[in-house]
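Novice: Pasting the feature list from TrEMBL:
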{"type": "DOMAIN", "residues": "B:4-288", "note": "domain 'Heme-copper oxidase subunit III family profile'"}
{"type": "TRANSMEM", "residues": "B:16-35", "note": "transmembrane segment"}
{"type": "TRANSMEM", "residues": "B:41-61", "note": "transmembrane segment"}
{"type": "TRANSMEM", "residues": "B:82-105", "note": "transmembrane segment"}
{"type": "TRANSMEM", "residues": "B:152-174", "note": "transmembrane segment"}
{"type": "TRANSMEM", "residues": "B:186-204", "note": "transmembrane segment"}
{"type": "TRANSMEM", "residues": "B:224-248", "note": "transmembrane segment"}
{"type": "TRANSMEM", "residues": "B:269-287", "note": "transmembrane segment"}
Amino acid sequence: MGLAARIAASTLLLVPAAAAQAQGAPARYNLQTPVTGLAEQIHDMHTLMLVICLVIFVGVFGVMFWAVIHHRRSRGAVAANFHENTTVEIAWTVIPVLILLGMAWPATKTVIAMKDTSEADLTIKATGYQWKWGYDYLQGEGEGIRLLSSLSTPREQIEGGAAKGENYLLEVDNPVVVPVGKKVRMLLTANDVIHSWWVPAFGVKQDAIPGFIRDGWFRADKEGVYRGNCAELCGRDHAFMPIEVHVVSAEKYAAWVAEHREKAAGAAADEAREWSMAELMTRGEQVFGTICAACHQANGKGLPPTFPPLDGSQVVLGDKAGQIDIVLHGRPNTAMAPFGGALSDADVAAVITYTRNSWGNHTGEAVQPAEVKAGRNKS
Amino acid sequence: MSETLERYFVPEPSRFPIFGSVALLLFGAGAALWVNQVKAGPWIFFLGIAILIYMLFGWFGQVVRESQGGKYGTRVDASFRWSMGWFIFSEVMFFAAFFGALFYVRVLTVPALSSGENEALLWQGYSGAWPNAGPRALDTAAVEPFTPMGAWGIPAINTLILLTSGATLTWAHYGLLKDKRGQLKLGLLLTILLGAIFLGFQAYEYVHAYGELNLRLDTGIYGSTFFMLTGFHGLHVTVGAIMLTVMLCRAVAGHFNSQHHFGFEAAAWYWHFVDVVWLILFVVVYWL
Amino acid sequence: MAAVIPDPLDHHHHHAPSGLMRWLTTTNHKDIGTMYLIFSFVMFLSGGVMALTIRAELFQPGLQVVQPEFFNQLTTMHGLVMVFGAIMPAFVGFANWQIPLMIGASDMAFARMNNWSFWLLPPAAILLLGSFFVPGGATAAGWTLYAPLSVQMGMGMDFAIFAIHIMGLSSIMGAINIVVTILNMRAPGMAMMKMPLFCWTWLITAYLLIAVMPVLAGAVTMILTDRHFGTSFFNAAGGGDPVMYQHIFWFFGHPEVYIMILPAFGIVSQIIPAFARKPLFGYASMVYATASIAILSFVVWAHHMFATGMPAVGQLYFMYATMLIAVPTGVKVFNWVATMWRGSLSFEPPMLWATGFIFVFTIGGFTGLICAIAPIDIQIHDTYYVVAHFHYVLVAGSLFALFAGAYYWLPKWTGHMPSDRLGKLHFWCSLVFFNVTFFPMHFLGLAGMPRRIPDYALQFTDFNALATIGAFGFGLSQLIFLAVVVKCARGGKPAAAKPWDGAEGLEWTVPSPAPYHTFEEAPLVK
Ligand code: HEA
Ligand code: HEA
Ligand code: CUA
Ligand SMILES: [Cu+2]
């Protein structure tokens with residue numbers, strides 16, 4: 001009876017698993033369908049390990065349950081009195097060692113392959129921010145492109161006010177785009193705390209450590225959209241900083257790069273000129289919404305005591321240079337990270353202007369990109 | 001057969017532990033509030049310390065009375081020996097965490113930060129020559145340069161002082177073993193004095209570091225490891241000196257005899273342990 | 001043979017305090033053991049309530065029950081409370097009750113300090129749980145308290161740091177007490193290699209505790225100074241390194257997980273032979289296996305850090321070393337099975353729990369091995385696969401063994417037999433609901449659900465719902481245990497001095513309930 005219950009309990013869970021696997025349903029019970037050679041190797045290795053472990057498991061517990069059923073006192077079993085047998089003991093030490101060696105061999109090869117980041121076609125630096133990703137195309141086609149990529153699922157879906165979309169929590173405003181079949185080297189770093197860049201279909205997970213550069217690589221074999229998450233607890237919105245990678249054909253990639261170049265050129269021209277108050281406010285509201293509102297909240301009230309309000313803040317109402325300094329360089333040891341790297345001069349100018357003239361703040365002062373530039377150079 | 005084993009002394013119920021627990025609750029809560037600039041913090045903290053001191057006095061006082069009362073046989077004595085050994089082992093592991101941190105940054109972190117892509121993309125120009133205060137100190141406008149602590153001034157003298165104190169302590173122990181009470185007391189007194197001089201020099205060195213060398217706790221990783229290691233060591237010297245002072249008082253009061261004096265030996269073991277930590281410290285913190 | 005003073009009235013403590021003062025001032029290992037056990041059960045319930053809140057939030061996608069910041073606080077505190085509040089003190093409680101009884105000692109070596117070790121825990125718990133109510137709430141950096149996130153936290157983090165210091169102090173004193181008791185207070189004839197395995201596993205565990213708790217204290221102290229005194233241990237700009245924190249933490253943390261499982265192995269090794277009515281198959285190899293696990297546990301820590309980007313040699317070394325631990329652990333599993341083989345088995349509650357332990361713990365061991373394969377770990381690190389792994393070893397491992405031990409020794413502690421029927425019900429409910437809760441988490445992890453998130457993508461919905469249902473069932477099942485213990489303490493079938501016919505050891509030579517003072521004259525062990 002006891003045994004039956006136990007078997008029922010475990011098979012109940014395994015049957016649907018096996019069934020779904022047979023139908024080839026995507027990634028419900030197993031690792032996601034791999035699209036890189038490395039992910040493929042990992043997938044197969046996992047299957048191998050699972051089988052080995054299952055075989056040992058069935059063997060060991062076959063013996064145990066045989067004893068449980070047949071060597072019961074209620075069945076009149078009388079205890080034998082054997083113990084210590086050197087041969088048996090050596091066998092059950094040595095055989096597992098051999099099995100482990102068999103497991104370690106393929107794993108070693110994969111580890112070495114994963115670490116080989118040389119001869120990449122494209123190098124992209126990803127920077128983790130609380131709670132979004134910044135990407136810099138450092139080398140290869142598209143060099144110089146910069147994007148900031150944050151969750152695009154609307155708040156209402158999360159809070160239950162609206163129906164959840166298909167890619168709920170796995171969608172971003174500016175996805176990373178890479179060409180198919182090219183070796184992409186990812187450099188990882190972070191601005192504030194540790195994050196981790198993870199795309200399961202690529203078999204890449206690499207922590208992004210503030211102050212250090214770490215790397216990993218992938219070569220996607222199939223066009224498509226691949227999604228992942230930040231995989232290291234990084235504070236409040238850790239669940240809300242997904243990664244979305246579009247793998248596209250060489251032509252589409254070239255087109256994407258060209259489009260981006262154009263936009264960037266336009267933006268650069270913008271940086272230099274004098275901005276009107278209205279322009280700054282519009283741009284500032286947008287930057288604030290995507291970057292600052294995560295902590296300071298759209299209504300400027302923050303979430304005290306951790307995240308101070310900007311509405312009525314002495315810093316915001318005080319000297320411009322002081323605020324420029326905080327936004328560019330952050331406050332050490334707090335969540336207020338330096339944003340100078342992620343934002344352009346115009347963005348910083350706009351967001352500061354916006355905070356100084358929103359909610360209950362009415363300084364009437366506009367901050368120009370040139371002032372921000374000066375703030376950057378000062379230290 | 002069971003008669004061969006002497007009865008093991010089991011103390012009566014005691015109020016001291018619960019005082020100690022209240023003390024540490026206040027200590028912990030007070031410290032946590034204090035570091036967050038809550039006004040009541042230091043008061044609670046010092047109240048905790050006061051209760052702790054009361055508890056330690058009472059508790060150790062009782063242990064001394066029990067010991068003098070002959071309640072501890074050889075088995076209890078053996079327990080004390082084992083426990084002191086294991087306690088010192090735990091202290092070794094505590095220091096190991098900080099020494100480990102020092103080795104880790106010197107062997108791995110600083111070289112990594114000052115080379116390859118870390119240097120090229122994040123910390124341009126950081127050379128990593130030890131001692132340094134980390135890459136942010138490159139910006140000399142924001143971070144004033146510091147002078148590292150030399151090894152051959154006060155630290156070297158302090159090394160000699162501690163080594164000498166180890167010798168005077170052993171000399172005192174011989175006195176005790178040979179029932180020369182004068183030698184015991186003088187040896188202890190000298191050891192404590194040497195410990196005090198050591199601490200005095202150490203304090204002077206800190207003042208010098210803050211005042212003239214611009215070397216502070218927040219001077220990057222060099223300042224962090226320097227002050228945390230020497231600071232915890234200094235704290236241990238202080239505790240050791242207090243232990244020895246208690247032993248001196250007990251010696252004056254006529255406690256200990258040539259067979260029965262584990263209290264003294266425990267303090268001595270501790271002192272030698274603190275000595276050894278200093279030697280390692282002198283080599284890896286000051287010298288290399 | 002046993003020198004027992006059956007009179008519970010103490011003859012040389014003329015004014016033994018009563019009421020609350022008895023418990024505050026006691027130096028009796030049985031009193032202290034009882035307090036440890038009650039404390040840990042209370043902490044288990046509070047950690048469990050946090051777990052249920054976590055599960056309730058994860059029942060459906062979207063945010064319904066708690067806000068993300070509070071969710072992270074719950075996860076963090078659940079981990080800390082269960083590890084430091086529930087599992088570790090529970091094993092210390094067993095050690096307090098059983099070790100003196102098993103080796104024929106009159107009490108622990110340092111009875112007064114023993115009291116302090118226990119009474120340090122409530123203050124630590126007050127600091128830890130109280131931190132929920134300080135501005136900014138409890139720390140939300142995960143039970144691993146990784147820098148620099150923990151450096152960013154509010155005041156609750158400082159409370160957690162000091163709580164950890166106090167718990168560390170308690171553990172170190174408790175461990176020293178246990179080591180010294182075992183080394184110095186065995187009855188004549190009780191050679192080391194004759195000691196019950198529970199004592200052996202605790203000796204080795206205590207050694208691990210003394211070695212690693214100070215390291216944890218060092219790690220959190222560095223966090224404290226980084227937070228408030230401007231040091232740069234974990235800050236690259238000052239020349240420090242966040243990954244260094246992880247190395248120091250896991251140098252503590254990995255041995256810590258064996259601290260939570262070795263005494264469990266000890267308990268199970270007592271119970272299996274008793275109910276198989278057959279001696280343990282390989283006593284000596286069990287001792288050596290325990291020691292090997294302890295030694296290996298110091299050299300494998302970075303298997304928690306495969307995703308930090310260690311060089312290939314580092315990954316390979318830590319992978320191989322970790323895999324090796326499967327060998328001594330396997331030796332244990334095989335030994336238990338061989339002990340059962342051709343025994344005369346009966347399945348009273350202790351044996352049910354012990355058998356369940358072997359079965360489910362081994363699943364957790366195998367998933368651990370799969371985590372140890374570095375490339376696979378890259379995929380499953382920080383996902384629910386890891387959550388599944390460690391609940392299999394911690395809940396089905398440590399916790400199940402604790403229940404096994406409780407059912408086994410309750411007759412000795414209370415003088416009454418625990419209810420057989422309720423004990424079996426407790427077991428079967430727990431086993432089923434445990435698997436319903438945690439088995440689906442393997443699938444979630446493989447398919448890509450990260451851990452420590454309050455909200456998830458839609459494809460994870462049904463397994464999360466299932467896990468939540470299981471968790472509530474599992475939680476309710478634990479109330480059965482509460483009922484069993486209360487009933488057993490109040491009354492019930494009186495227990496004989498040796499209620500289990502196959503059991504062996506000195507603890508069964510004293511009456512049930514064990515008198516207040518036992519073995520004041522040491523027994524002689526042949
Ligand atoms: C009681 C606690 C406990 C125990 C006993 C274990 C046991 C093991 N653990 Fe586990 N582990 C944890 C608690 C525990 N773990 C916790 C709490 C975490 C997460 C911490 C956090 O991040 O919050 C963790 C995480 C963790 C990781 C990191 C995962 C990640 O974050 O990415 C790894 C990786 O190697 C790992 C490996 C192992 C291994 C190899 C064992 C081995 O000891 C298992 C050995 C047992 C067996 C293998 C089964 C029996 C053997 C046989 C039947 C013999 C034959 C077998 C073969 C030859 C294959 N564990
Ligand atoms: C040490 C032991 C231990 C134990 C025993 C448990 C027990 C449980 N754990 Fe725990 N868990 C950890 C250690 C432990 N856990 C650790 C170390 C972490 C990692 C933390 C981190 O990431 O930092 C973790 C993380 C963790 C997570 C992941 C959280 C996240 O990543 O965000 C989850 C999610 O399901 C979970 C669930 C549970 C459940 C359902 C139980 C159940 O077994 C609990 C059952 C008990 C009860 C439910 C209480 C008893 C009953 C009552 C009080 C009566 C009331 C009950 C009802 C009305 C139903 N745990
Ligand atoms: Cu970023 Cu988690
Ligand atoms: Cu581990």
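Just so you know, glycine gets a Cβ as well, placed from its N, Cα and C.
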Novice: Based on Cβ pairs under 8 Å, which of the stretches B:16-35, B:152-174, B:186-204, B:269-287 lies most in contact with the transmembrane segment (B:82-105)?
Specialist: B:269-287
Novice: Six or more residues beyond either end and a Cβ under 8 Å away: which residues meet both conditions relative to the transmembrane segment (B:224-248)?
Specialist: 60, 91, 94-95, 98-99, 101-102, 105, 149, 169, 185, 188-189, 191-192, 195-196, 198-199, 202, 206, 215-218, 263-264, 266-267, 270-271, 274, 277-278, 281, 285
Novice: Going along the chain, which residues at least six beyond the ends of the transmembrane segment (B:152-174) come within the CB cut-off of under 8 Å?
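Specialist: 180, 183-188, 190-191, 194-195, 197-198, 201-202, 204-205, 244, 264-265, 268, 271-272, 274-275, 278-279, 282, 286.
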Novice: Six or more residues beyond either end and a Cβ under 8 Å away: which residues meet both conditions relative to the transmembrane segment (B:41-61)?
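Specialist: Here the qualifying positions are 14, 16, 19-20, 22-35, 246.
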Novice: Along the domain 'Heme-copper oxidase subunit III family profile' (B:4-288), what average pLDDT does this model show?
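Specialist: Value for the domain 'Heme-copper oxidase subunit III family profile' (B:4-288), mean pLDDT as a whole number: 92.
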